[in-house]
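Colleague: Sharing a structure below in structure tokens format, with a few things to ask.
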């Protein structure tokens, strides 16, 4: 069993590494680049991209872009700086917001984000900021592919508040706005919107934030659960159903089944524990459906794993009822796991590769299970017909033998002489 478990672990690490590779994202500068920005990076949320040029310790050019599509077109986009030295937050941000106009252009204005904005008050354009000077402020849209805003910023000579080696910046996207009064409406409160903050070193291009750390932990949480709960557990079920006795018999089916379940349970439990920590550390949002399903999955999967030690022996009278419960609960867990993984992907809103990768995994399992079921039932029907025909053929052969037996006993005499004639001869 140890060798099989090592093989499963190796396969798991291979899948995980490929998923991590998929998760890595790189970016060139946006096609909208009138200021010849050379330093560009893909931000961790909202599919946003940020570029910059440094002219001096307090003067920078910035370019902020988002991708758009016809069925999911943003109404406004925003980027801003927040004074340090504390971590970036919405209140106090000096923001540049571009609002889409009916003619397809962007109207770009400055906005001072205050505590009243958090309370839901109307956000109106500001004339100027008290500390940050904004010049050459414009926006552009490229053929329904990109929306961008760009500007030149002169930061105040206060390294504690504005330092290009530790610049607090925020970004946001919204889908409702008053394009007449240039008033952006409230954005979504999804994870990606809440985590759209970063402290960026413009010299090295490296950024860090609480949202950045949580973003990576959520990726680890998702990968562990997809590989553990969503891949290895169903694989173990397929092995147990189709390679135990019928239609195929594999002598090591139990070792492979248990290895998949143990490794899958271990990875899933690790992902579940990370999810618990993320839930406790997140004060601004809650996902009750995802949490309840996760609790159900962990509790009853743990109960299933106890079967390694507590299952009844084959000679116990109630073994068949235990088998029914074990199988039914296993299939119910697979359904709950699939629903919760899709729910988690909808919450995280990662790259579409995640969604299609998991759909691909489910499709492969569905094709395998469907093919196995068709083969199993076909083999069962064929075997049943063959077994029904075998007694009929045996009875026919027996009848023919019984019919031929008297003639065989007549010997070489005339056909009219049978057993009665022989008796007459003996009597005579």
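Glycine too: its Cβ is placed from the backbone N, Cα and C atoms.
Got these off TrEMBL a minute ago, pasting:
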SIGNAL    1-25  signal peptide
DOMAIN    46-174  domain 'DOMON'
DOMAIN    183-381  domain 'Cytochrome b561'
BINDING   221, 257, 290, 326  heme b binding site
TRANSMEM  222-243  transmembrane segment
TRANSMEM  255-278  transmembrane segment
TRANSMEM  290-308  transmembrane segment
TRANSMEM  328-348  transmembrane segment
TRANSMEM  354-378  transmembrane segment
REGION    393-428  region 'Disordered'
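For the listed features, I'd like the structural context: burial, neighbours, distances.
Modeller: Taking the domain 'Cytochrome b561' (183-381) as a whole, pLDDT averages 86 in the prediction.
Same-chain residues at least 6 positions away in sequence with a Cβ under 8 Å from that of residue 326 (heme b binding site) are, in sequence order, 304, 307, 311.
Panel annotation: around the transmembrane segment (222-243), residues 8, 12, 15-16, 19-20, 23, 249-250, 253-254, 256-261, 263-272, 274-275, 297, 301, 330-331, 333-334, 337-338, 340-341, 344-345, 348, 350, 354, 357-358, 361, 365, 368-369, 372, 376 of the same chain, lying at least six beyond its termini, place a Cβ under 8 Å from a Cβ of the stretch.
Counting same-chain residues at least six beyond the ends of the transmembrane segment (255-278), those with a Cβ under 8 angstroms from any Cβ of the stretch are 1, 4-5, 7-9, 12, 214, 217-218, 220-225, 227-229, 231-233, 235-236, 239-240, 243, 291, 294, 297-298, 301-302, 304-305, 308.
A Cβ distance under 8 Å defines the sequence-distant neighbours of the transmembrane segment (290-308), meaning residues of its chain 6+ beyond its ends; these are 229, 233, 258, 261-262, 265, 268-269, 272, 275, 279, 326, 329-330, 332-333, 336-337, 339-340, 343-344, 347.
Distant neighbours of the transmembrane segment (328-348): 190-191, 218-219, 221-222, 225-226, 229-230, 233-234, 237, 287, 289-290, 293-294, 296-297, 300-301, 303-304, 354-355, 358, 362; these residues of the same chain sit at least 6 beyond its ends, with a Cβ under 8 Å from one of its Cβ atoms.
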Colleague: Between 221, 257, 290, which of the binding-site residues has the fewest other CB atoms within 10 angstroms in the structure shown?
Modeller: 290
Colleague: In the domain 'DOMON' (46-174), how many residues does DSSP call helix, how many strand, and how many coil?
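Modeller: Reading the DSSP string over the domain 'DOMON' (46-174) gives 4 helix, 67 strand, 58 coil.
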Colleague: Of all the Cα pairs drawn from 221, 257, 290, 326, the residues the record ties to heme b, which distance is largest, in Å?
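Modeller: Between the most distant Cα atoms of the heme b site, 28 Å.
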